[in-house]
Amino acid sequence: MAKWPGLRSQLLTKRMKNKQHRTIILVLGALAALGPFAIDMYLPGFPAIAKDLNTDIAHVALSLTSYFFGIAVGQLIYGPLIDRFGRKKPLVIGLSIFVLAALGCALAPSVEWLIGLRLLLALGGCVGMVASRAMVRDLFPIKDIPNVFSTLMLVMGVAPIIAPTIGGYVTATFGWHAIFIVLAIIAAAVLFAVARLLPESKGPDASISLKPQAILRDFTSVLKERSFLTYAVASSLAQAGLFAYISGSPFVFMEYFGLSDKMYGIAFAMNAAGYITGSQFNRLLLRRQTSKQIALKVGVIQFIAAIVLLFGSLSGNLTAVGTLILLFSFMFSLGIINPNATALAMAPFNKNAGSASAILGSLQMGTGALASAAVSYLHNRTLLPMTGVMALVTTLSLLILGSYHFYTRRNYATTQLCEAKA
C-alpha cells in the first residue's frame, strides 16, 4: 500500500510539470507572435492612416518596410544581449520599448513620424522572437524541440487569422489610432506574463563579451556550423514565399479576382489556418519520421504548389478558388517545414543559442523583406510577381535541402565504407 502515495505523488508532479510546460509554451508563443501581430493588425487601417496624415498608401507602406528592417536588424542586437545578460532582462526592456513606441504611433502627427516609430516598435518587439527560440533550446530536450516548435506555431499562427479582423473592427469603430493603443495593451499583458510566469532559462554569462570583435566571432562560429546554415537559409527562403504572398495578396484577391474586403479577410484567414493545420499535422509525422526527412519531403509538396501557381498565372487559367486551394497547400507545407527546420538549425547550440536565434530570425525577416519588396517592384497588374517570387524562393529552398540531404548521405556512406575496410 505504501507504493500508492508515492505513485500518486509522481503523477501529480508530472501533471503539474505538464501544466507548467503548457503555460511556458503559451507565453513563448505570445512573445513570438507579438512582432508579426503588429504587422497584420494595422494593414486594414492603411486607407484611414493615409487620409488622416495627408499622404498616400504607398508612403504609409514605408512604415511596413521600416518595421521589417527593424526586426531584421534588431534581432542581431538582441542575440548577444540575451546570451550575456540572461533571457528575461532584455525581454523586459524590449517589451517596454514596444509599449512606448506603440503609444507613440497612436500619436504620430505625420507619416514620417509613423515610419520612425514603427522602426522603434520593431526594435522593441523583435526581442520576443529571439528569446522565444533560445528559451525553447534552453528548456526542452533536443528530441522534443520539433514538437515544441509545432505548438509554438499554433499560437503564432492564430495572429494572422485574428489580427486583420481585430484591426479592421478597431479602425471602423474607434479610428486607426486605437489600433496602436490596443497593441500597447497587448504588449503590456505579455510583459506581465513574462515577469510572472516565465522562468529564467539561462542566467547571465560574464564570459560572453559584447565587444564588436567578440560578437562577430560568435556570429562567425554560428555560421560555420553547416547544419545551421543549411536549415536557416532553407527555412528563410521557404518563409519568403509567405512574405511574397502577404505583399501580393491584397491586389490578387481584391483587384484581380474582385473579392470584397470581407471576403479577402476570410481568404487570408483560410490560408493562415492552413499554416496552423500543417504545424499540428507535423506532430503526427514526427512519430514516424525524423525532422530531416519531413523537411525534405514536404519541401517537394511546397515546390509543386508554387510551380502550379506560377504556370497557372502564366496561362491565365487560375480561378480564385483554385488559387486559394494552391495557397492553402503552400501554407500547409510551410507550417510543417518551419518547426522542423528551426529545430534542426538551433539543435547544435547551447552557449550561443541567443546568437543563433538572432541570425536565424534576421535571415528569415531579411529574406522575407526582399521577397516582399520584389513583389511590389515587379507589380504589373497580374498574378505573376507574387507567384513568380514564390516559385523562385521555394525552388531555391528545395535545392538547398536536397543538396544537404545528398551530402550527408554520401558522407555517411563513405564513413561506413572506410570503417568496413578498416
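Heads up, the Cβ atoms here are built off N, Cα and C, so glycines get one too.
What you are looking at is a predicted structure, and each value in this text was computed from that prediction instead of being measured.
Features reported for this protein in TrEMBL:
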{"type": "TRANSMEM", "residues": "24-45", "note": "transmembrane segment"}
{"type": "DOMAIN", "residues": "24-405", "note": "domain 'Major facilitator superfamily (MFS) profile'"}
{"type": "TRANSMEM", "residues": "57-78", "note": "transmembrane segment"}
{"type": "TRANSMEM", "residues": "90-109", "note": "transmembrane segment"}
{"type": "TRANSMEM", "residues": "115-136", "note": "transmembrane segment"}
{"type": "TRANSMEM", "residues": "148-170", "note": "transmembrane segment"}
{"type": "TRANSMEM", "residues": "176-198", "note": "transmembrane segment"}
{"type": "TRANSMEM", "residues": "228-248", "note": "transmembrane segment"}
{"type": "TRANSMEM", "residues": "263-282", "note": "transmembrane segment"}
{"type": "TRANSMEM", "residues": "294-312", "note": "transmembrane segment"}
{"type": "TRANSMEM", "residues": "318-337", "note": "transmembrane segment"}
{"type": "TRANSMEM", "residues": "358-378", "note": "transmembrane segment"}
{"type": "TRANSMEM", "residues": "384-407", "note": "transmembrane segment"}
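Annotation: stretch 115-136 has the most Cβ pairs under 8 Å to the transmembrane segment (24-45), among 115-136, 263-282, 294-312. In the predicted model, residues of the domain 'Major facilitator superfamily (MFS) profile' (24-405) average a pLDDT of 88. The transmembrane segment (228-248) makes no contact with the transmembrane segment (90-109), as judged by fewer than three Cβ pairs under 8 Å among residues 6 or more apart in sequence. Through the fold, the transmembrane segment (318-337) approaches residues 153, 157, 235, 238-239, 241-242, 245, 252-253, 257, 259, 267, 270-282, 285, 294-295, 298-299, 301-302, 305-306, 308-309, 312, 383, 390, 394 of its own chain, all at least 6 residues removed from its boundaries and within a Cβ separation under 8 Å.
Counting Cβ pairs closer than 8 Å to the transmembrane segment (263-282), the top stretch among 57-78, 115-136, 148-170, 358-378 is 148-170.
Ranked by Cβ pairs under 8 Å to the transmembrane segment (115-136), the stretches 57-78, 148-170, 358-378, 384-407 are led by 57-78. Comparison of 148-170, 358-378, 384-407 by number of C-beta pairs under 8 angstroms to the transmembrane segment (57-78) places 358-378 first.
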